[in-house]
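These come from TrEMBL:
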TRANSMEM  35-55  transmembrane segment
DOMAIN    37-463  domain 'Major facilitator superfamily (MFS) profile'
TRANSMEM  75-94  transmembrane segment
TRANSMEM  101-120  transmembrane segment
TRANSMEM  132-153  transmembrane segment
TRANSMEM  160-179  transmembrane segment
TRANSMEM  191-211  transmembrane segment
TRANSMEM  266-286  transmembrane segment
TRANSMEM  306-327  transmembrane segment
TRANSMEM  348-364  transmembrane segment
TRANSMEM  370-396  transmembrane segment
TRANSMEM  440-458  transmembrane segment
Amino acid sequence: MPDKNEDSHDDSFIVSWDGEKDAQDPFNWPTVKKFAFTITGCLIVFAVAFASSNFGPATPVIANQYGVSTEVANLSVALFVAGFAAGPLFFAPFSQIYGHAVTLLIGIIGCAIFQIPLGVAQNIETVLVSRALMGLTGSAVLAVGSGMLAEVWGTSTRAMAIGLSATSLNMGSIVGPIAGNFVLSRYGWRWIGWVTLLVCVAICLLSIFTVRESSRQKILERRAGALRRAMRDTRYHALSEKSGITFGALVQRYFKVPLQMISREPILIILTAYLTLVYGTLYLSYQMLPYAFQHRGWSGPMSSLPSISTLLGAFSAWLVSSAHNILYYQPKKGGAFSLVPETRLPPMILGGCILPVALIWFGWSMKTHWFAQVLSCYFLGLSLQLIFITGVIYIIDVYLANANSAISIHVSIRSLVSASFSIWGPLLYTSLGIEWTSTLLAGLAAVLLPSPIIFYYWGARIRSWSRFTTMTDPSILSASVMERAHV
């Protein structure tokens, strides 16, 4: 109902929530509805990530079939991941105008539709264009996936929900090559696209029953529109409609400010470099793990099974980060919450310490029993995911009102650079060998390891130098500020 305000005639027609317990407010949804919404949202993120990596095992086959180099065939993976950069650049402002639900469905439906030209492709150009378009449309899911959860869950549980979304992203990309290998060996590479299409369609059908608009801004705008039609009075409006969304404001938020931040903010610059290395290493592992185990004499499909160990490690990382969130994000007396951003960092420091060891362990256990190398894959997944989850949430906490801009430029750079790993990575481990490639990656990880430790002790001082950060307690962070946490 409109709020009455005797001081302003216009303000009396502003449509807002009917008190704190308004049933249409996503924060007040029943718990069962919240869980169904969250699970479906994470499944959609999983499906897009699954599609991004499941074609990797087919690249040698299509290279041979179409008479192109392996590097050209590897573009089928690289172009998909590079397409993720479109999420913050286009679909983030799109979702601000049209809402979360529409943007989310565009992503999963687009990813499904472009499986069809892939399945019937008669040349390498069609394969590459189809994969690029999957990444471009699928990036819509990443633009809103975590932001939707931020609108639904409260302060103490929001980080766990976003962490689950981030875990779904990486678990999907881990499962992809495993499934792709088995489909390839039994049915051929075209069926990778058809299986992905079936997965996307099944999740789309589920979303009909579980996905609802979660953008508070868009819900109030629709409520105001319904009142205008019912009352035949054009004066009813949501506050966001009154202020309006200008093209200049969108350019400022999603282009100008992000470029300023990535050139001036040491925390954002260093963590973007760190998380890009982590994300790229994860995608490189989808090719490096099968390569390593095929050298042990394992068959193509069997050589991808050690990735299950990486999968278990990634899921364990979510459990560890969630436990840390529960232990250290407790309400004070009176029910208020208090947390400085640096309190988030211990899981990242733990992951940073494990990662170089896990990489060296993996590389130099090539001549030991296979179980030792499989076990190293678990710690590889654990460490990569601990760094990934914590790093993204720390960026959000540090920049608060500028989190949209910080995460936008972070995801764009991370996606573009990580995409190249699938191109030059195979050249690296075929020339240097698994041992020295892993050692090189471990060295880079060791160089970046001190960064979360430095931020843990001196992060507050570094934040005080910036005009984009605020010293405000991040526990008051509203869902709208976290809306672009597309991890």
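Heads up, the Cβ atoms here are built off N, Cα and C, so glycines get one too.
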Distal contacts, the transmembrane segment (266-286) - CB-CB under 8 A, six or more residues away
53, 56, 77, 81, 170, 173-174, 176-177, 307, 310, 355, 359, 377, 380, 384, 387-388, 391-392, 394-395, 398-399, 406, 409-410, 413-415, 417-422, 425, 441, 444-445, 448, 451-452, 455, 459, 462-463, 466, 469
Considering only Cβ pairs under 8 Å, which range in 35-55, 132-153, 191-211, 440-458 makes the most contacts with the transmembrane segment (160-179)?
35-55
Stretch contact, the transmembrane segment (191-211) with the transmembrane segment (35-55), Cβ-Cβ under 8 Å, 3+ pairs
yes
What parts of the chain pack near the transmembrane segment (75-94), using Cβ distances under 8 Å and only residues at least 6 beyond its ends?
51-53, 55-56, 58-59, 62, 103, 106-107, 127-128, 131-144, 250, 253-255, 258, 283, 404, 407-409, 411-413, 415-416, 418-420, 422-423, 484, 486
Segment confidence, the domain 'Major facilitator superfamily (MFS) profile' (37-463), expressed as mean pLDDT
88
